[in-house]
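Step one of this worksheet: look at the structure below.
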Amino acid sequence: MERFRDGAQDAFEDLFARHAPRVQGFLARMVRNGALAEDLLQATFLSVIRSRGRYEPGTRFIPWLMTIAANAARDALRHQRHVDAYASREDTATPASAAPDDSDPSLRRHLLDALQQLHPDHREAVVLSKVEGWSFEEIGALRGISPGAARLRAHRGYEKLRELLGELELEVAR
């Protein structure tokens, strides 16, 4: 990043090639929409280009990059909630709850559905800790909170997942 910040144009290509797969995976798990994740990946790296002058040498690049990606995902999810709320008011013919999709009963799908129902802060902490393997210290540094607060967010996410997946188990048993 320091080479790119100092004006080496080929350095950006190296950064993108090295980090894009990881960032896209993170974004895909956060928004659970491949096309949106791709758009957010592009927006993230566009922000890197625009913000390169604010990058401080010696700063760890991955947390800086993931902060940009996480903020992009949060903004997109916030926007989507507003769109969904508006659409649900406009479309009263659509039933409020659809039947579960019997064609794909896999645990992975149910887990991803449950993840989407978590508060964005909790989902981010769960994904970063359990999927990406980040420590609570790293998550705290990313979000500007204490490691204990990061742990609490993840714990609340785990509890909600247990609740949601338990409800699913009851529905399947009926």
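Positions of Cβ are set from backbone N, Cα and C atoms, glycine also.
Taken from Swiss-Prot, the feature motif 'Polymerase core binding' applies to 39-52. Residues of the same chain lying 6 or more positions beyond the ends of the motif 'Polymerase core binding' (39-52) and with a Cβ under 8 Å from any Cβ of it are 1, 4-5, 12, 15-16, 20, 23-24, 27, 31, 65, 68-69, 72-73, 76.
Here Swiss-Prot flags 86-106 as region 'Disordered'.
Residues 63, 66-67, 70, 121-122, 124-126, 128-130 of the same chain, all 6+ positions outside the DNA-binding region (136-155), place their C-beta atoms under 8 angstroms from a C-beta of that stretch. The DNA-binding region annotation in Swiss-Prot covers 136-155 and rests on similarity to another entry.
In terms of DSSP secondary structure, the motif 'Polymerase core binding' (39-52) contains 14 helix, 0 strand, 0 coil.
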